[in-house]
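Chemist: Got a structure for you, questions after.
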Amino acid sequence: MRKQIVAGNWKMNNDLSQTKSLIDALKSKTKTSNAEVMVAPTFTNLSHASSVLKNTNVEVIAQNMHFAENGAYTGEISASMLKSIGIETVILGHSERREYFNETDELLAKKVDAALAKGMRVIFCFGEELADRKSGNEETVVGNQIKNALFHLNAASYQNIVLAYEPVWAIGTGETASPEQAQDMHAFIRKTLADKYGDNVADEVSILYGGSVKPANAEEIFSKPDVDGGLIGGAALNADDFFAIVNAF
Ligand code: PGA
């Protein structure tokens, strides 16, 4: 059975004291669903968050990492550094990384390899832009993003891969893909995996939806058969909203 996952991506928000307050609020919430819960604070607050949330049902994960083991890469963080503070999961390929930091499929393939080599789990993000959808190219774009960054992997690697479909036009815009649009794309993603790796691999990979998920729309989106959870931005900064989404399963 593939896992249900709700992950909060805090992006470049929350200084240390705000992070402490949000964590306190999260700890006071009750989880009534079976979903795995994760939060991704910014790098400076990861160590604090990971020690405070250790042995709770909220996993602390990273928003990004570099592909190199160590060395002259000013400003970067490696997989080993993350592991040394208890981080076992990393988000890679978020559209903001692709757009503002020029991360390409080729670079992301190297990051995925580096994370998997350290035994980390990867939440791999991808999604089309508005122009792609308007021109009817969304499946081609998404298919290529997956093939270019992930199809060099062997089937066993997918035990540590979670996919996150995030249409760029729905991120932080308040505009959500309809549950049908999300389901159609998730089914296409699963078929893309099945064509390459077979049904067993495709059926076991969790595919999250991201893009303006809120308490008001989470239940309907999560009710779709190929939607296994969500990657949540804005709504993850509020503990009540985040747990309403977690409990929407
Ligand atoms: P949003 O962000 O929920 O604020 O749209 C989603 C994401 O970027 O992961």
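Every residue gets a Cβ built from N, Cα and C, even glycine.
These numbers come from a predicted model, not from an experiment.
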Chemist: Please pick, from G71, G172, the residue that TrEMBL records in the substrate site together with N9, W10, K11, S212, G233, G234.
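Modeler: When TrEMBL describes the substrate site, the candidate it includes is G172.
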Chemist: Which has the fewest other CB atoms in a 10 Å radius around its CB: G172, G233, G234, the listed binding-site residues?
Modeler: G172
Chemist: Where the criterion is a Cβ under 6 Å from an atom of ligand 1, which of the binding-site residues W10, K11, G233 meet it?
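Modeler: Going through W10, K11, G233 in sequence order, those close to ligand 1 turn out to be G233.
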Chemist: Cα-Cα separation of G234 (substrate binding site) and E166 (active site, proton acceptor), in Å?
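Modeler: Roughly 14 Å, rounded to the nearest whole number.
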Chemist: Fill in the CA-CA distance, N9 (substrate binding site) to H94 (active site, electrophile), as an integer in Å.
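Modeler: The Cα atom of N9 (substrate binding site) is 10 Å away from the Cα atom of H94 (active site, electrophile).
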Chemist: Can you tell which of K11, H94 has the least company, meaning the fewest other C-beta atoms within 10 angstroms of its C-beta, among these recorded positions?
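Modeler: Comparing Cβ neighbours within 10 Å for the recorded positions K11, H94, K11 has the fewest.
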Chemist: Sort out for me which one of N9, S212 has the most neighbouring CB atoms within 10 A, since those are the binding-site residues we care about.
Modeler: N9
